[in-house]
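J.: Attaching a single structure in structure tokens format; questions to follow.
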Amino acid sequence: MKHLKVAIGVIALLITQTAAVPQASIAAQNTLCGPGLGSCVGGCCSEFGHCGTTTQYCSGSQCQLDYSDSCDTQVGPGGRSTENIDRPFFGDVPYAETITECDTPGLVALTFDDGPYEYTNQLLDLLDEYKVKATFFIAGHNRGKGRIDDESTGYPRVLRRMRNAGHQLASHTWTHRNLNGVSEHVQRTEMIYNEMAFRNIFGFVPTYMRPPFLECGSSSGCIDTMEELGYHVISTNLDTKDYENDDPVLIQKSKDKFFSVQSSDETDHSYIVLAHDVHYQTVVTLAKYMIETSKERGYKLVTVGECLGDPPENWYRLAPSRRGLDTYQEIPPVNDTNHELPPTPKLNVSTDQRCGVQGKNTTCKGSLFGDCCSYFGYCGRSDDYCITSCDRNFGDCHPPPPGDGKGQAPILATTNGLCGEAHTATCLHFGKKKCCSQWGFCGNSDKHCLVELGCQKGYGLCLSPGNFTGV
């Protein structure tokens, strides 16, 4: 895997510098812009070649980057960059290939792209009514809708509702650019800026993404960029084409396509379905039809993560640096409030796999998902949940072997990629990721392995100039 090389703090500047156009003169007095005409100093060159500074010029994926310096694409949200967060790979879902279908027959993952938008709450009402969990591929600043982390837009509230209802949130880039048609710098900022907005709302970023227009190839470097950033790339095997049919009459075409493509034999088929919550007819007509048809045919409706057999704690990674904080290194890697004692001894049993304080003080003990509450606040029964930093306040944990007789907790082999003094776990037996970073994650990059970058000796291998050190 290639190392992350570009500091996000200068990426916008680099984009502007590399966009300098020798053709013609800068369009300072001329409102026309684009190839052969020049650039818009301090403004945006619209899709149709006019300079301006308002939403109609700067928004979305059509603002001409090479002739602008203020496109929404070039301006990220507030707070520190997420570029240097730890990005361990968890689970068995591949990172360097495009995924189009579920692992198990009989499953349907409904996915909705481009939101949140004015109709998203209405869709959430419908999903609540049918008790269905879906996956939302979130675009951070598209369609001139405003930034998703801006409280005045109402979108953070919608996204929190989405998350609290158990839906999966994933990335659909910052401004919906075709990732095969932009530079590696822009590929990266499209992901990093969206991460920063997620971080500003939740304190975590997704590990799943869907490329706009389903375009993310190897020759453009997009797949490599997604692997570097630790993303599962999700496509579809049932595209409803709802964006072509947002009309009370035309939407029947999308319903017909769904009906004909989805097999009536659920024992040998599964689907990742593509639709959009920014289209009214999708929300009021198509979504209900897809749910009812799938259930009638015997399919189980799940999230993308579930359809790939990936536990919920793998769907996100922590992003320690919060909005307004100046130094990434000062921020601990996790929010320890999930591990505080609950305010009352009375704990309800988890019904949605969430546990701990973030799971509304629910315990895993006696739950259908398993009795162990993982460090990330999910119930389960495997070693991933029950050993390394398992939360004993909200469930059972597998007991560690006896200590050394001096009150020292034994250092165990990590079962989930957490490591270091805080977790009393080593990376030595965690596949190829044998180095423990200063933030307590196993990995094999410079950020994990170099002593000068904080590699934790005693909890894995550490690389110093000339040789490895550690245990």
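From the backbone N, Cα and C atoms, a Cβ is placed for every residue, glycine too.
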J.: From the candidates Cys379, Cys386, select the one that TrEMBL records as forming a disulfide bond with Cys372.
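T.: Answer per the record: Cys386.
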J.: Looking at TrEMBL, which of Cys58, Cys102, Cys216 bridges to Cys44 via a disulfide?
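T.: Record-based pairing for Cys44: Cys58.
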J.: Tell me which of Cys427, Cys435, Cys436 TrEMBL records as disulfide-bonded to Cys449.
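T.: Matching partner in the record: Cys435.
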J.: Where Cys449 (disulfide bond) and Cys372 (disulfide bond) are concerned, what is their Cα separation in Å, rounded?
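T.: Just about 31 Å between their Cα atoms.
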J.: Give the distance between the Cα atoms of Cys372 (disulfide bond) and Cys435 (disulfide bond), rounded to the nearest whole Å.
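T.: That separation, Cα to Cα, works out to 26 Å.
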J.: Out of 21-73, 106-302, 352-399, which stretch has the largest tally of CB pairs under 8 angstroms to the domain 'Chitin-binding type-1' (416-464)?
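T.: If we count Cβ pairs closer than 8 Å to the domain 'Chitin-binding type-1' (416-464), 352-399 scores highest.
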J.: Count up the helix, strand and coil residues in the domain 'Chitin-binding type-1' (416-464) according to DSSP, in that order.
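T.: Within the domain 'Chitin-binding type-1' (416-464) the tally stands at 7 helix, 14 strand, 28 coil.
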J.: Can you tell me the CA-to-CA distance separating Cys44 (disulfide bond) and Cys386 (disulfide bond), as a whole number of Å?
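T.: A Cα-Cα distance of 53 Å.
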J.: Where Cys386 (disulfide bond) and Cys58 (disulfide bond) are concerned, what is their Cα separation in Å, rounded?
T.: 49
